[in-house]
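Found this in TrEMBL, in case it helps:
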- 1-26: region 'Disordered' (REGION)
- 1-16: compositional bias 'Polar residues' (COMPBIAS)
- 17-26: compositional bias 'Basic and acidic residues' (COMPBIAS)
- 42-62: transmembrane segment (TRANSMEM)
- 74-92: transmembrane segment (TRANSMEM)
- 113-135: transmembrane segment (TRANSMEM)
- 155-173: transmembrane segment (TRANSMEM)
- 185-207: transmembrane segment (TRANSMEM)
- 213-233: transmembrane segment (TRANSMEM)
- 287-306: transmembrane segment (TRANSMEM)
- 319-352: region 'Disordered' (REGION)
- 328-339: compositional bias 'Low complexity' (COMPBIAS)
Amino acid sequence: MRPPTSDSGAAEQQQHLLDKEPSPRHQDRTARFRAILEEGHAAAGITITIALTLGLLLGFTLPTDKEIPAGYSRLSSVFGWTYFACWWVGWYPQLIQNFLGKTVVGISFDFSIYNFIGFVCYSTFNCALFFSPAIRKEYRSWHGGYDSDVRANDVAFSLHCNLMTVLGLTQIIMYERGGQKVSRVCWIACSVVGLLCAAYLAATIFGVPHFSALGFLYLLGYVKLAATIVKYLPQMWLNHKRRSTDGWNISNALTDMSGGFFSLAQQFLDAYALQDITIVTGDIVKFALGIVSILYCLILAGQHYFMYRTPAEKLGRIEEGESGGSEEGPLLSGQQPGGLRRDGQLSAQVVL
C-alpha cells in the first residue's frame, strides 16, 4: 500500500480537527450564555436572587442573636445573612465570564491586585484572632476582658474571598489581556504597603517596645480598609478611558452594593432595637465600608447602564451568525459571520 500523499494527509488531519470541534448546537448555547453574562442584566438578576434566597433561608432557620430583642432579632438575622450571601456569591459571574471567553480584557488589573492584598490581610486578621489563643489573650488585655467578635463564618467568608481573588489573578495570567497591565501607581502602593508591614512584623519579632502581634493584625486591618476604599477607582478609570464596560461584569458591583445596604440596615436596626447608637459609631470601619461600597457601586452602575451603555448587540451578532450575514467588513482569521469564532465564542476583536 502506498503511503498517503501530503494532500490526503492534510485532508485527514483537517477532518480530525473538525470532528473534535463542538457541535453547532453546543457552540450556539455557549455563545448565547457568554453573551448573556457579558450583557450583565440576567447574570446580575440571577446572582442577587440567589443571594436574597440564601439570606432569607439562613436568616429564618439559624439561631438569632440573643442580645437583640425578640421583635427585632429575626429581621436582624435576615439582614446579616443576606449581606453575607451577597458578598459571597457576587464573585462567580465574572469568573465564569472570564472562563467562557478566555479573556480578561475590560477588567482592571489594579482592582484585582488591591482586592487580593485586602483579602490576604483580612484572612490573616480573622484566622489569627479565631485560631490563636495567644492572640485572643492579647485582645482581651487590650479590650478590658472582652473577647473578639470574629466567628467561624467570618473566617470562612474571608478565606473564600481570598480564594476567589487568587482565581481571578490566575485568569489574568492565563487569558487574553489585550495589552492591559498593572499600573506603576499600583506597584508602588503595593511595595510601600509590603515594606511597612514587613518592618512592623520584624519589629514585633525582635521585641521592639510598642510593637505587638495584635498591633500587626490591626495594621493589616487598616490595609484592608484602604484597599476597599481605593480598589474601585482603577476600574472606574479604565471604564472611562475605554468608554465602555464590556468585559467587566456588573454583577460584582450590584451584589457589593446590595451587601453594603443590608450591612447598614442591620447596624441601624440593632442600634434602634437596643437604643444604643454605639453599635454604629463603635464599628465605624464596618459602617464606612458599607457606605463606600454603595457609593462606588452606584457610580459603576451609572457607567454601565447610562454613561457607557452599549446596545445589546451581542445576541444580535449571534443571530447574524445563524443567518450567515454581516456587513461589518472582512472577517478576521478564524471568525465566522456575526462575530463568532469557530469555537462558538464571540470574537474579542468584534465585541470589544
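Each Cβ is built from the backbone N, Cα and C atoms, and glycine gets one as well.
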Report, as numbers and ranges, which residues of the same chain sit near the transmembrane segment (42-62): CB under 8 Å and 6 or more residues beyond its ends.
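Hits for the transmembrane segment (42-62): 36, 74, 77-86, 88-90, 92-93, 97, 249-251, 254-255, 258-259, 262.
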Applying the under-8 angstroms CB criterion, which one of 74-92, 155-173, 185-207, 213-233, 287-306 scores highest with the transmembrane segment (113-135)?
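Ranking 74-92, 155-173, 185-207, 213-233, 287-306 by Cβ pairs under 8 Å to the transmembrane segment (113-135) puts 213-233 first.
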Does the transmembrane segment (185-207) reach the transmembrane segment (213-233) with at least 3 CB pairs under 8 A, where each pair is 6 or more residues apart?
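Yes, since the transmembrane segment (185-207) and the transmembrane segment (213-233) share at least 3 Cβ pairs closer than 8 Å, they count as touching.
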List, by number or range, the same-chain residues at least 6 past the transmembrane segment (155-173) whose CB is under 8 A from its CB atoms?
84, 87-88, 91, 94-95, 98-99, 104, 107, 109, 112-113, 115-116, 119-120, 122-123, 125-127, 130-131
Six or more residues beyond either end and a Cβ under 8 Å away: which residues meet both conditions relative to the transmembrane segment (213-233)?
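Residues packing against the transmembrane segment (213-233) from afar: 110-111, 114-115, 117-119, 121-122, 124-125, 128-129, 134-135, 138-139, 142, 193, 196-197, 200-201, 204, 253, 285, 288-289, 292-293, 296-297, 299-300.
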